[in-house]
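Participant: Here it is, the structure in full.
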């Protein structure tokens, strides 16, 4: 027993000597009462020892309430902190700031299924915080813009593989938030979310930039907004050395339906495709109101064709797109010169335009249509035209699918 005590004391002594000589990477948490100024959501803190960019800061106000913030700018011993919950009530007498040395992280766990969280990853449904899957390896945690809920299912090639969907919302109105809350009531294991919207995020970025008195760019947005959006969108993809992938489906609203607005314009350069939801189609009760002309996918060519969908997929898609574009041009011309001035060929394109929106784009809420059903429906619309007008489809494909009897065979 004495030998054990002697060995333990020796080990403790050696550990103490090592600790004295060790070059620590982490710094102790220090508290400051050196608020130098408040401007909108920003707080300027002076005489800070080794502040770090993107470091999380805890602010304790005079009334005992605690708020969180993040370091946006560092200049020597001066740090600019953005407060998430607002800066009302913050003063330089009673407000204490603690620099944690950590960046914003979100733990991931299966306990998140069916839960609702705010933008900081804290539960807002009255439940306890989830236990992380790997609490001792935080480098494996992937911070996803705004964590919400998860849904897991799926099996691929006979092997069960985890599949998760994260739904996040930011800046939506109460009606929309209530809709998703009701949806969770019907399928509790499948939804967990909080009230993200990239347009709201960009507007908040503009407000913070204005508070920092930065030089504005287009329409007042900061010049680094492209880089900032890219850092969010480009989190999607694969992680080297790990299974699976991450796909993002960000949603944004175009102010005044202007696709040239900086937010949708920059987003279009970064993302691998876009689905354009059209207000006019919505007003005409076309569901889903997707305008196919500005919609695109840069990855479609790698996922269609023989062995994946069908051999005629690419040609049919190009022909539908071309005919729909011509139909839109004819529709505009009709508004100017009238229907009587149109040729018989123009009338064919107008007929195709109406049927394409009513039968192909329009799809009932409970109508399950496979890709093969959509291709067959596309051929029924293309048969409105004589073969010689289908110039984007090869003769071999026309011989195989244009005639109804051959297509059925």
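Cβ atoms here come from the backbone N, Cα and C positions, even for glycine.
Straight from TrEMBL, here's the annotation block:
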DOMAIN    38-101  domain 'ATPase F1/V1/A1 complex alpha/beta subunit N-terminal'
DOMAIN    198-297  domain 'ATPase F1/V1/A1 complex alpha/beta subunit nucleotide-binding'
DOMAIN    303-402  domain 'ATP synthase A/B type C-terminal'
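I would like each feature placed in context: is it buried or exposed, what are its neighbours, and how far apart are things?
Facilitator: Taken through DSSP, the domain 'ATPase F1/V1/A1 complex alpha/beta subunit N-terminal' (38-101) splits into 0 helix, 31 strand, 33 coil.
The helix, strand and coil residue counts that DSSP assigns across the domain 'ATPase F1/V1/A1 complex alpha/beta subunit nucleotide-binding' (198-297) are 43 helix, 17 strand, 40 coil.
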Participant: Averaged over the domain 'ATPase F1/V1/A1 complex alpha/beta subunit N-terminal' (38-101), what pLDDT does the prediction give?
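Facilitator: Average per-residue pLDDT within the domain 'ATPase F1/V1/A1 complex alpha/beta subunit N-terminal' (38-101): 90.
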